[in-house]
Amino acid sequence: MVLHRISIQGYKNQKGGMNISKSEITKETSLKPSRRSLPCLAQSYAYSKSLSQSTSLFQSTESESQAPTSITLISTDKAEQVNTEENKNDSVLRCSFADLSDFCLALGKDKDYTDESEHATYDRSRLINDFVIKDKSEFKTKLSKNDMNYIASSGPLFKDGKKRIDYILVYRKTNIQYDKRNTFEKNLRAEGLMLEKEPAIASHDIMFIKIHIPWDTLCKYAERLNIRMPFRKKCYYTDGRSKSMGRMQTYFRRIKNWMAQNPMVLDKSAFPDLEESDCYTGPFSRARIHHFIINNKDTFFSNATRSRIVYHMLERTKYENGISKVGIRKLINNGSYIAAFPPHEGAYKSSQPIKTHGPQNNRHLLYERWARWGMWYKHQPLDLIRLYFGEKIGLYFAWLGWYTGMLIPAAIVGLCVFFYGLFTMNKSQVSQEICKATEVFMCPLCDKNCSLQRLNDSCIYAKVTYLFDNGGTVFFAIFMAIWATVFLEFWKRRRSILTYTWDLIEWEEEEETLRPQFEAKYYKMEIVNPITGKPEPHQPSSDKVTRLLVSVSGIFFMISLVITAVFGVVVYRLVVMEQFASFKWNFIKQYWQFATSAAAVCINFIIIMLLNLAYEKIAYLLTNLEYPRTESEWENSFALKMFLFQFVNLNSSIFYIAFFLGRFVGHPGKYNKLFDRWRLEECHPSGCLIDLCLQMGVIMFLKQIWNNFMELGYPLIQNWWSRHKIKRGIHDASIPQWENDWNLQPMNLHGLMDEYLEMVLQFGFTTIFVAAFPLAPLLALLNNIIEIRLDAYKFVTQWRRPLPARATDIGIWLGILEGIGILAVITNAFVIAITSDYIPRFVYEYKYGPCANHVEPSENCLKGYVNNSLSFFDLSELGMGKSGYCRYRDYRGPPWSSKPYEFTLQYWHILAARLAFIIVFEHLVFGIKSFIAYLIPDVPKGLHDRIRREKYLVQEMMYEAELEHLQQQRRKSGQPVHHEWP
């Protein structure tokens, strides 16, 4: 018996000598379940009755095959007899593979297929023989489960039309690495793979190698990789307490019925095989193959699983003598091959409508129900995505969809804050005072070409600033901090449900293999793995620390390079502001500060994109230098480096504007200068917040446009050019699927790293400086609605099919997102306290304003705030030949005071209030975040109980397996058989 959640090696140790011969299996009669396992195990009893008949599928034909296990042909009549017997016992208990979508979907199992030999041809009438059309109209709109499973098993074949193509290798005939390829291919055949060569039609220099993995080799490596397969029907336990929840169940039933009418919900008739699984799974074992639910060996392992096994073999096959001469990656790097990829299942478009003729394959179904732009408002078919692309890509789209959905409330609240500022803008006391200050002159903002400026010239800037700096700013900052916590905590719950549904619980710790590069580097140094008990390569601690130090040094060097680039942009701003102030065009001369900021933003964006190209290569070299142990460790290390580089690169200029611009300029008559030459830049008379909003808005908008173009526009152009060249070279020739795939663009070298990085950086923009730009969640929501369909269209139509990889979570990105959530609280506290005028207005209102000494204010408490926030300076001290006074933003004593130009008491009150606000804000928000995280468990209680229940049932199955083995031993020795322990 194969056991759920228990490794096959541990099970073998527990069973000892339990090795059942195939001849004994054919003689085995059905067993009565023990009293301990009733009533749950009784549900799977019907399957055991047909077990002896089904085992004829696995009779030994070792004379025909070198592998230890093979399958012979069983007649159609016998298959129908088996199916009839199952239906008579319990038709519900036939664990059809169409019912395994949520839990076993990636295994690609089909229902009621008659078993055929490896070289048998598909007879569609036999494959869907139990489908009964009740209504002709229903047939036009809804496919049968068997028809869908036939579609799932379709795909490109060998020339004989029988063997499925599981992987494609591509090389150039003119390449001189013939010996390496020849050795590599011979070793692949020795491992059990079947290869077939075929030249390309469009190019005479291209040769394709089609790879097929036979059943015996598939079983051998499935057992070696501990791939989990279904073996027993699930049952769920509900106690009497759940019956008392009738009202609650009725309420949820109403919600469920409403959801069925929700236009965003996918039509289930389009996905007839995406239903809940009810089968336990366990690590595959050839010795106990008769325990698994195998209706057809050609579809027992899904396309994704087959491709994953083939890639595992490609990565560990030698091409030359030497421990390091191994793997398809190195052969691609040295030019022996130019590509290796699993093929798509077929074309993504069809001349026949999908509503009347159904999908041609899963790729066609994904395009029609997911990747088309017309499906932008629909939920995503995550189970089908996982079936076709693997769990890793499925989790990415699940996370992206969850993030996009959670942005909806954040965007609504941010839009409300913005409209609140818009509707109350003309009522703002500060804006009114600035717009009416026609007789107030501001001191020159530069030394040479700047003149005195009336304060009312900043009227527009003051109103725009109020849109983002109003009474709702603090509330929105607290809301977004709580929102980030709720988003991450509920994502953890969602992830736990998906990992259970997709049978990924504890997969990473048990089944992840070592990277070939790590094995080749440290094969001489081995230690015993404490988990598996097997020797494996080991990296010494001294070597690991040394490599990490070199890597960290490289990271700090690149970060310092980013800071240097930002410093260069700051110098540019100081140099050109004098030029723009005396520009010939009146518009630029009048709004020279805006022109300076806009030009600096554009230049900064160009520098950001150029530096990103260098960061990727350096991060790749530093990660390879560390020699990570597994693929997940490599991806996490590379992702962390890329995030640090791009986060600093993208946000360094924003941090400068938020916390340094205009803070250390000095005062008129005694300005601080950079290199004693350039006067430091001041904020606009209405404040620095408008510069921060401009910087964030421009960078966020331009970066999203650039990313979308590089993700879709660039591959579209390349694919169009490839098709154009093919059409010029050939006429009226049918291009096979693998050649069409070859003409598509390969997936990014680093997989989903670029996709996650883009979204995580966007998450940082949405949360870190949201107090300065409340429209950021709305822009992120609009972008993500496009991003989901753009990524879907790209994966389905523009990219070669990526390797269907497995994963249990989103990797290191979850920790990065939590770190961003913490940083967002701190930065928003500083933005509100330092960058905005919220604290100065608050201090004036309750300490220095007209309401300071009144319990019930009778007038506007901010009246006179603008005049109070501006200090005086004597123009005669500038040497400009002018007399009188000009004003500047600061809290300093006037020229006629006893301590002219010294900080006033109000300045220190504001500074103390700012520090107090930062401390109170951080502690309050962190407390709320921690409390919410405590209230929301990572695993739902129902799921937790279900997992515990399954562990209990596994123990019962262990008892049943032991009893079955004992009965077989007694039968063999002629002793009486007991149905319970003797």
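For all residues, glycine too, the Cβ spot is worked out from N, Cα and C.
Look at TrEMBL and you will find 158-382 tagged as domain 'Anoctamin dimerisation'.
Taken from TrEMBL, the feature domain 'Anoctamin transmembrane' applies to 385-950.
Sequence-distant contacts of the transmembrane segment (396-423) (same chain, at least 6 residues past either end, Cβ-Cβ under 8 Å): 379-380, 382, 385, 466-473, 475-476, 479-480, 483, 486-487, 490-491, 494-495, 498, 752, 755-756, 759, 763, 766, 770, 774-778, 780-781, 784-785, 787-788, 791-792, 810. The annotation transmembrane segment is assigned in TrEMBL to 396-423 (among others).
Per TrEMBL, transmembrane segment is recorded for 473-491 (among others).
Here TrEMBL flags 548-572 (among others) as transmembrane segment.
If one looks beyond the transmembrane segment (592-615) by at least 6 residues along the same chain, the residues whose Cβ comes under 8 Å of a Cβ in the stretch are 445, 558, 561-562, 565-566, 568-569, 572-573, 576-577, 580-581, 583, 642, 645-646, 649-650, 653, 681, 684, 691, 694-695, 698-699, 702-703, 706. For 592-615 (among others), the entry in TrEMBL reads transmembrane segment.
If you look up TrEMBL, you'll see 643-666 (among others) marked as transmembrane segment.
Residues or ranges marked as transmembrane segment by TrEMBL: 759-782 (among others). Under 8 Å from some Cβ of the transmembrane segment (759-782) lie the Cβ atoms of residues 400, 403-404, 407-408, 410-411, 413-415, 417-418, 468-469, 472-474, 476-477, 480-481, 484, 643, 646-647, 650-651, 654, 658, 689, 692-693, 696-697, 700-701, 704, 813, 816-817, 820-821, 823-824, 827-828, 831-832, 835-836, all in the same chain and six or more residues away from its ends.
For the transmembrane segment (810-834), same-chain residues at least 6 beyond its ends with a Cβ under 8 Å from one of its own Cβ atoms are 395-396, 399, 473-474, 477, 480-481, 484-485, 488, 491-492, 495, 632, 635-636, 639-640, 643, 658-659, 692, 756, 760, 763-764, 767-772, 914-915, 917-918, 921-922, 925-926, 929. Per TrEMBL, the feature transmembrane segment maps to 810-834 (among others).
According to TrEMBL, the transmembrane segment annotation covers 907-936 (among others).
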Ask   = Does the chain bring the transmembrane segment (907-936) near the transmembrane segment (473-491), so that three or more CB pairs sit under 8 Å (pairs 6 or more apart in sequence)?
value = yes
Request  = Give, as a single whole number between 0 and 100, the mean pLDDT over the domain 'Anoctamin dimerisation' (158-382).
outcome  = 80
